């Protein structure tokens, strides 16, 4: 029961952070590529890898921080909807391909780098 509460609280925090970062970025910059989601997924993937690599044996780290906060922060449902928008917008196929490669490739590498730091 405690773990469910930790995941719920962490997920709420992560989702609020994601929404805030996205809103602030979009107010300051005008770009057709959804850069905030890319940055959030890369940083979140790095943090997840870092915590995994540290092999922390603290009971609340995984449910609250990794699954909760970082899981709520790095949402691939947002990524999927952005990819559909790019794919279904005329003349955006190149951005669709670029964004797909950046999201999956760079997020994976960031997670791997975080893991191997420890």
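A Cβ is built for glycine as well, from the same backbone N, Cα and C atoms used for every other residue.
Your range for transmembrane segment, going by Swiss-Prot and the list 29-49, 50-70, is 29-49. Of the listed binding-site residues, namely 71, 74, the sparsest CB environment within 10 A is found at 71.
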